[in-house]
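Undergrad: Input: one structure, supplied below.
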Amino acid sequence: MGSISQAYLESKVVKETKSLISELCRQFYNLGWVSGTGGSITMKVHDSCIPKGQQLIVMSPSGVQKERMEPEDMYILSGDGGIVYSPSPKPYPHKPPKCSDCAPLFMKAYHMRNAGAVIHSHGMESCIVTMIKPFSKEFRITHMEMIKGIQGHGYYDELVIPIIENTAYENELTDSLAKAIEAYPKTTAVLVRNHGIYVWGDSWISAKTQAECYHYLFDAAIKLHQLGLDWSTPEHGPIQTVKGVSGVNGRMNVSTKAGTVDSNYKIEPFPRCIVLDIEGTTTPISFVTEVLFPYARNNVERHLSATYAAAKTQDDIKLLRSQVEEDLKQGVPGAVPIPSEDAGKEAVIAALVANVEGMIKADRKITALKQLQGHIWRTGFENNELEGVVFDDVPEALEKWHALGVKVYIYSSGSRLAQRLIFGNTTFGDLRKYLSGFFDTAVGNKRETRSYVEITESLGVNKPSEILFVTDVYQEATAAKAAGLEVVISVRPGNGPLPENHGFKTINSFLEI
């Protein structure tokens with residue numbers, strides 16, 4: 001910005017930002033987030049004429065009654081954190097003005113995440129939720145409506161928030177907060193144990209909305225825990241133990257004849273997360289090739305005709321048109337032009353059926369096909385024409401891992417809808433209660449290392465080796481290993497042969513894990 005004029009410091013946009021912080025602090029005080037002079041808030045002065053990185057920053061002072069602050073009490077900082085305006089002192093009993101002790105931490109969010117606003121709350125729920133599991137480095141929760149208020153998350157996703165340890169002085173948290181931001185690239189918050197939370201967003205509205213959702217989720221987690229329910233699982237059922245093992249998601253104690261052994265020192269730990277392939281791993285290949293694929297192929301025309309005008313079907317058709325256009329340019333065998341809507345519904349459907357049959361025959365792992373198949377299969381499951389099949393050891397293993405607090409995810413080339421249908425309608429009942437999330441080719445091809453890097457970042461583990469990936473495909477195993485994941489190969493009846501000296505551990509049953 002060059003030199004900052006006094007006129008700009010007194011401009012309408014700066015004054016409005018200072019007033020807004022005063023107003024929000026009064027609201028946050030009533031919520032219990034900034035009582036006892038604790039907590040703080042900062043936001044950038046939104047000016048479309050100035051690049052975001054160079055916009056002025058308004059920040060509340062430290063050690064003052066947040067509910068009584070006035071606009072003239074605010075500090076103004078440059079984009080690099082230098083103070084360009086300090087408020088005038090007030091008479092006793094007010095303390096001399098001092099910029100927020102949180103300033104170095106706020107600047108990390110601005111510089112590392114291009115934030116537009118940052119909120120630091122001392123809300124009691126954000127403090128207590130870090131104390132329930134004192135050894136956990138993360139707060140995890142899933143299947144709660146308010147997760148949808150967190151940037152980049154939906155109802156079925158698992159929300160992961162890193163937890164850093166508190167220090168005697170606020171600015172001493174700066175390095176650990178920066179490391180957490182770097183290690184969890186998708187997070188918009190960091191919890192400080194026994195202290196509170198830092199939340200940021202690209203605007204003050206985004207930061208405020210997410211802060212409200214985070215506090216709601218913490219409050220819900222505390223209440224669920226008081227009821228003996230596990231907030232971190234999809235069904236939020238009773239906190240479980242398995243034979244000889246007590247504790248959930250934190251330190252586990254194992255009972256032996258000699259007494260109790262602390263698993264942190266004596267017991268080889270389970271992986272933090274397990275990611276499972278479906279075809280040839282949880283489910284026989286024959287179920288996919290001889291049941292699901294033929295059902296989709298035989299019902300393409302019926303499904304499209306019956307649901308042609310539906311919004312989801314029109315989305316499917318749009319995706320297929322785009323894919324076929326690309327296939328025709330590339331000379332993909334079996335691709336035929338799809339006429340415009342002017343040609344009539346029947347002509348469009350006939351061309352779609354021809355293309356889909358070719359895609360299924362070639363077993364193509366493309367989103368356009370997988371999305372349509374998922375919608376066709378949903379009809380089959382709803383009409384009880386289909387029932388999911390898994391190997392006999394799968395339900396027992398899922399239950400065991402769930403009781404031990406190990407998060408289990410599915411990664412398949414089939415759509416997430418198709419995955420939920422298979423595990424929600426098995427011969428053993430609904431197994432989704434043991435699963436924490438689903439990944440499909442939206443994160444990338446299963447034979448590409450980048451896909452597993454993306455999954456690792458989504459799960460928020462400290463290191464990729466805390467994830468165990470189980471698959472029957474050598475190329476997928478190789479890609480996951482290159483991303484740093486632990487890998488075992490599933491050897492099941494009907495699976496294809498593996499290369500000699502492939503170098504991976506193999507299992508014939510999940511109960512061997």
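Placement of Cβ uses the backbone N, Cα and C atoms for every residue, glycine included.
What TrEMBL says about a protein is an automatic prediction, not a curated fact.
The shown structure was predicted, so the numbers you read here are calculated from the model rather than taken from an experiment.
Take a look at what TrEMBL says about it:
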| type | residues | note |
| --- | --- | --- |
| ACT_SITE | Glu145 | active site, proton donor/acceptor |
| BINDING | Cys102 | substrate 1 binding site |
| BINDING | His120, His122, His195 | Zn(2+) binding site |
| BINDING | Asp277, Glu279, Asp472 | Mg(2+) binding site |
| BINDING | Ser412, Ser413, Lys446 | substrate 2 binding site |
| DOMAIN | 19-222 | domain 'Class II aldolase/adducin N-terminal' |
| REGION | 1-230 | region 'Methylthioribulose-1-phosphate dehydratase' |
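Burial and contacts for the listed features, if you can.
TA: For Glu145 (active site, proton donor/acceptor), the same-chain residues 6+ apart in sequence whose C-beta sits under 8 angstroms from its C-beta are Tyr155.
Spatially close to Cys102 (substrate 1 binding site) yet at least six residues away along the chain are Ser40, Thr42, Ser62, His120, Glu170, Tyr198, judged by Cβ distances under 8 angstroms.
Here the domain 'Class II aldolase/adducin N-terminal' (19-222) has a mean pLDDT of 94 out of 100.
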Undergrad: In Å, rounded, how far does the Cα of Asp277 (Mg(2+) binding site) sit from the Cα of Ser413 (substrate 2 binding site)?
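TA: Here the two Cα atoms are 9 Å apart.
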Undergrad: Between C-alpha atoms, which of these binding-site residues comes nearest to Ser413 (substrate 2 binding site): His195, Glu279, Asp472?
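TA: In terms of Cα distance, Ser413 (substrate 2 binding site) lies closest to Glu279.
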Undergrad: I need the nearest neighbour of Ser412 (substrate 2 binding site) among the binding-site residues His122, His195, Glu279, Asp472, using C-alpha distances.
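TA: Result for Ser412 (substrate 2 binding site): the nearest of the binding-site residues is Glu279.
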Undergrad: Among His122, His195, Lys446, these being the binding-site residues, pick the one whose CA is nearest to that of Asp472 (Mg(2+) binding site).
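TA: Closest by Cα distance to Asp472 (Mg(2+) binding site) among the binding-site residues His122, His195, Lys446: Lys446.
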Undergrad: Between the Cα atoms of Lys446 (substrate 2 binding site) and Glu279 (Mg(2+) binding site), find the distance and write it as a whole number of Å.
TA: 13
Undergrad: How many Å separate the two farthest-apart Cα atoms among the substrate 2-binding residues Ser412, Ser413, Lys446?
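TA: Of all Cα pairs among the recorded substrate 2 binders, the widest measures 8 Å.
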Undergrad: Round to a whole number and give the Cα-to-Cα distance in Å for the pair His195 (Zn(2+) binding site) and Glu279 (Mg(2+) binding site).
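TA: Distance between the two Cα atoms comes out at 46 Å.
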Undergrad: To which of the binding-site residues His120, His122 does the lowest count of other Cβ atoms within 10 Å belong?
TA: His122
